[in-house]
Amino acid sequence: MISALLGRSKSELEEWAVAQGQPAFRGRQLHDWLYAKGVRDLQGITVLPKAWRASLQNEGVSVGRLHEQERRVSADATTKLLLGTEDGETLETVGIPTDQRLTVCVSSQVGCPMACRFCATGKGGLQRSLAGHEIVAQVLSIREVMERRPSHVVFMGMGEPLLNIEAVLESIRCLNDDLGIGQRRITVSTVGVPHTLPRLADLALKQLGRAQFTLAVSLHAPNQALREELIPTAKTYPYDALLDDCRYYLNKTGRRVSFEYILLGGVNDHPHHASELADRVGGFQSHVNLIAYNPIEEEEFQRPTTQRIEGFRRVLERRGVAVSLRASRGLDQDAACGQLRRNRRS
């Protein structure tokens, strides 16, 4: 017996409807109401027989949507939602609009066990991993609130996606097949967990038939010593081993790897850091995405100066490294990962 309908494919819903003693077309109706119409509860699916809806509700079956608890909208229209789960946990998701696209930043866990020193989410530890349908529900919540169809999804919210690979891949299948978001418009970001990058490549090819989503690996330092200072779990994952696993992923999937590098003022933003980073990733089929630090309260790190940011980028460009600078969004509304939830709990 399933408890949440969201996250199921059309064929799964058809088979389930038949197993419930209903005709297969009831499954197709469910699929339409779940994904196209975005229904929030069973009673809202008025095309289904009333008696069946009541029976399902009595059996504990639900749509599987999340409940909005707080909303913040910044001056640039970036929208952050604090969402509640059925078991009383809270998580964050962010809608980032431009003229041409709407990107949804989703969480893969409630909290995070990685404890990166510069990250608000890591301050509270891990509560649990999210189910696949809870990830999909975040995208539907942003679509509902912003009244726009999401075009891109990035797994850059709360949690470490590679500690929840099965649910992440389940959600990617659903986002692609049921919500029509192409895999090439989906990015999975990881700080790096030993042995999981090869597993991600292998499972994606096995379960999805292809691995066309973008893999973004968070480096945040040009050497092992500094990386261990910023990311405690890096002590168990040497830099060279991480890059070897990235090469495996590249060779297995044929997809270029993106390297994320958060610039922390006076910590890892010096030109010699940029030169050292170029030594690491030069010749690697990759792209470096620079991110200026988004300050959180009661934290020792600071946002680097514009001069430092541009200087870092110029060093990489001169070394032939493909590089871009991510625009900061929602700075006035606690839009960095974990800030809203942390402030709500404090």
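Along the chain as shown, residues are numbered 1 onward.
Heads up, the Cβ atoms here are built off N, Cα and C, so glycines get one too.
Quick look at what Swiss-Prot lists:
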- Glu92: active site, proton acceptor (ACT_SITE)
- Cys112, Cys116, Cys119: [4Fe-4S] cluster binding site (BINDING)
- Gly159, Glu160, Ser189, Ser218, Leu219, His220, Asn294: S-adenosyl-L-methionine binding site (BINDING)
- Cys105-Cys337: disulfide bond (DISULFID)
- 98-332: domain 'Radical SAM core' (DOMAIN)
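The structure, with features from Swiss-Prot marked on it.
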| residue | record | Cβ neighbours (10 Å) |
| --- | --- | --- |
| Glu92 | active site, proton acceptor | 29 |
| Cys105 | disulfide bond | 26 |
| Cys112 | [4Fe-4S] cluster binding site | 26 |
| Cys119 | [4Fe-4S] cluster binding site | 24 |
| Glu160 | S-adenosyl-L-methionine binding site | 25 |
| Ser189 | S-adenosyl-L-methionine binding site | 21 |
| Ser218 | S-adenosyl-L-methionine binding site | 24 |
| Leu219 | S-adenosyl-L-methionine binding site | 25 |
| His220 | S-adenosyl-L-methionine binding site | 25 |
| Asn294 | S-adenosyl-L-methionine binding site | 20 |
Request  = Around the Cβ of Gly159 (S-adenosyl-L-methionine binding site), how many other Cβ atoms lie within 10 Å? Please give the count over every shown protein chain.
outcome  = 30
Key: Residues that sit under 8 angstroms from Cys116 ([4Fe-4S] cluster binding site) by C-beta distance, when 6+ apart in the chain   = Gly122, Val191, His220, Leu230, Ile231, Pro232
Key: Those binding-site residues of Ser218, Leu219, Asn294 having Cα within 10 angstroms of Cys119 ([4Fe-4S] cluster binding site)   = Asn294
Ask   = Taking Cα atoms as reference points, which of the recorded positions Glu92, Cys105, Cys112 is nearest to Ser189 (S-adenosyl-L-methionine binding site)?
value = Cys105
Message = Could you check which of the recorded positions Glu92, Cys105, Cys112 is the closest Cα neighbour of Glu160 (S-adenosyl-L-methionine binding site)?
response = Cys112
Ask   = Of all the recorded positions given, namely Glu92, Gly159, Ser218, which is spatially nearest to Cys112 ([4Fe-4S] cluster binding site) at the Cα level?
value = Gly159
